[in-house]
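Record features, source TrEMBL:
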type   : residues : note
DOMAIN : 53-80    : domain 'C2H2-type'
DOMAIN : 81-108   : domain 'C2H2-type'
DOMAIN : 166-193  : domain 'C2H2-type'
DOMAIN : 250-277  : domain 'C2H2-type'
DOMAIN : 278-305  : domain 'C2H2-type'
DOMAIN : 306-333  : domain 'C2H2-type'
DOMAIN : 334-361  : domain 'C2H2-type'
DOMAIN : 362-389  : domain 'C2H2-type'
DOMAIN : 418-445  : domain 'C2H2-type'
DOMAIN : 446-473  : domain 'C2H2-type'
DOMAIN : 474-501  : domain 'C2H2-type'
DOMAIN : 500-527  : domain 'C2H2-type'
Amino acid sequence: MAKHGYPTGVDQNCCDGSPTGVSQGDCDSKTISVKDQAAAQQVNLNSARKKPYMCGECGFSAAWRSHLSRHMKTHTGEKPYKCEECRYRANCKSHLYRHMRTHTGEKPYKCGECEYTTADKSTLSRHIRTHTGEKPYKCDQCDYSAAHRGNLAMHRRAKHTGEKPYMCGECGHRTAYKNALSLHMRTHTGEKPYKCDQCDFSAAQRAALDYHLAKHSGKKSYICGECGYRAIKQYHLSQHMRTHTGEKPYKCDQCDYSAARKNNLGRHLSKHTGEKPYMCGECGYRATRKHHLSRHMRIHTGERPYKCDQCDYSAALKTSLQVHRVKHTGKKPYKCGQCGYRATQKQHLSRHMRAHTGEKPYKCDQCDYSAANKSSLDAHLVKHTREKPYKCDQCDYSAAQKAIFDQHRATHTGKKPYICRNCGYGTANRSHLSQHMRIHTGERPYKCDQCDYSAAQKVTLNKHLTTHTTAKPYMCGECEYRTAVRYTLTRHMRTHTVRYKCDQCSYSAASKFALTRHMRIHMFAKTCSTCNI
């Protein structure tokens, strides 16, 4: 062994003492191939067998004295190397050199297999594994292996120990990962260090900026082979593919619920715990998620942060702005590969796809009812609770759902904000406009599974299905009337409960439509010129 404790053949000028023979002065440009990487690993393997330098504080051992010296600074907290550009300090000179490249933009380490470059040698070593497929870090409790040590540590915490050592001092949030805590802290500080160089967008996470930048470039390189869907990220494509495969890898450990997305499972779990930790200080509203509370607070503050760049419209919700923009662009970028349906929002397409797959992920916890969308489940739950919290202040009408209540309010105001751009048709209900648009597009998304019939509306399909069966399962509780269609029973029930009365004569009707038709008698009635009757 040579003097100063360095084994023979290792450059003593290299701060990290690693046996690569590359000093800081040699690091102007260093290209490493897969072969070089393998040779370096073999040297590391040989040297790792001997670790004569041991820490008296914690038992850490090292093959190189410089490694032990650097380790000791973790006990003393000493960081003698200071950056002149910012407040960064390091316990090792090589760490400072590496940090300085964040200011200079220098990336001297190059991959010999592709065009990848990096500022850090260890990052290049990790990158090389994407070519070799090597995963040297093995879990000792299962067959998981990883290309990076950090990934193995994350795996152990997530799957085996459940340990969450990193805690937020502001709100008590705990996480298994230090970088996740750093990201979380930005929700308190409002820090958004990642800036777009093409507009004023900024983000708290690099991934969010990368996703935003793709909107400028228009690049969506990941394509679904089933329906042509394109995605900016491979992760998004993987999620999308589950709409075709039906895969639901996220399982609830308290019931048989499973989900295609992790955040959907998170929402579901709150049903078991009942936990709603985020509370509004203005009205007592509680939420399971912080961003739900943030969205709710805009009701009180009047904040409308989402601005249209083509007019003075602004919105409290991002989805509302996306819907509004269609008025300017006419674009509906999300297309169904099975029937030609197009949507302005990805979630609308996902919801539409259930008409083809038959998926009904929303389950009633009081009976065996299931629904394709949450609003249908909410409407069903009213049958169990009979609660109708939305009250009209102009009449005695009440509703279980806000959307239905809003439709009713339009009967008082006469407003019809949803206008067809093709023919001028107006309606108070957005879903009615969507149904109307099928007259122009010819879309018939509701398919009969017993013949080739298709319909533009679900109620029309239901009527058609009765031609395949003689069953009439819907029965009136007041008389002996039976029908094959639930809607027809609802209409029949009005004959027992007369609700609509004419204010000009004694006529009454079971349906609003019938009353409207009757009113024409009064509107177009002609008086006799002789007797004035």
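Cβ coordinates are placed from backbone N, Cα and C, and glycine is handled just like the others.
Curation plays no part in TrEMBL annotations; they are all automatic predictions.
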Contact check, the domain 'C2H2-type' (334-361) vs the domain 'C2H2-type' (278-305), 3+ Cβ pairs under 8 Å, seq sep 6+: no
Beyond the flanks of the domain 'C2H2-type' (250-277) by 6 or more, those residues with Cβ under 8 Å of it: 239, 242-243, 286-289, 361, 363, 365
Sequence-remote partners of the domain 'C2H2-type' (166-193) [C-beta within less than 8 Å, at least six residues beyond its ends]: 154, 157-158, 202-205, 290
